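As recorded in TrEMBL:
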{"type": "DISULFID", "residues": "Cys7-Cys38", "note": "disulfide bond"}
{"type": "DISULFID", "residues": "Cys17-Cys28", "note": "disulfide bond"}
{"type": "DISULFID", "residues": "Cys39-Cys49", "note": "disulfide bond"}
Amino acid sequence: MKAVDPCQKEACAIQKCLQEHDYQEDACVKFIKEMLKCCEKWREMSGCCSGFLKDEASKKAKGELKSKT
């Protein structure tokens, strides 16, 4: 049996939020931050984190991710 990804719950929460808010990331910052925390902890064990961390680092560098809570 395949192990569950430790950040799957957070990844699904982001997708649900984005769908509910017409893919406006500003509306889902809370969930994005929760995913970042999870990925900081489980980076090596989570397949969900591989592309997510690269994408968020790129956005942060460009100043696209606002710090709403």
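The backbone N, Cα and C atoms fix where each Cβ goes, and this holds for glycine too.
Everything TrEMBL records as a feature, shown here on the structure.
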residue	record	DSSP class
Cys7	disulfide bond	coil
Cys17	disulfide bond	helix
Cys28	disulfide bond	helix
Cys38	disulfide bond	helix
Cys49	disulfide bond	helix
Expressed in Å to no decimal places, the gap between the Cα atoms of Cys39 (disulfide bond) and Cys7 (disulfide bond) is 7
Sequence-ordered list of residues in the chain of Cys38 (disulfide bond) that lie 6 or more positions away and have a Cβ within less than 8 Å of its Cβ, or none, is Pro6, Cys7, Glu10, Ser46, Cys49
Across every protein chain in view, the count of C-beta atoms other than its own within 10 A of the C-beta of Cys49 (disulfide bond) is 24
Cβ-Cβ distance under 8 Å, sequence separation of 6 or more, same chain as Cys17 (disulfide bond); the residues meeting this, in order, are Ala27, Cys28, Phe31
Around the Cβ of Cys7 (disulfide bond), other Cβ atoms found within 10 Å total 24
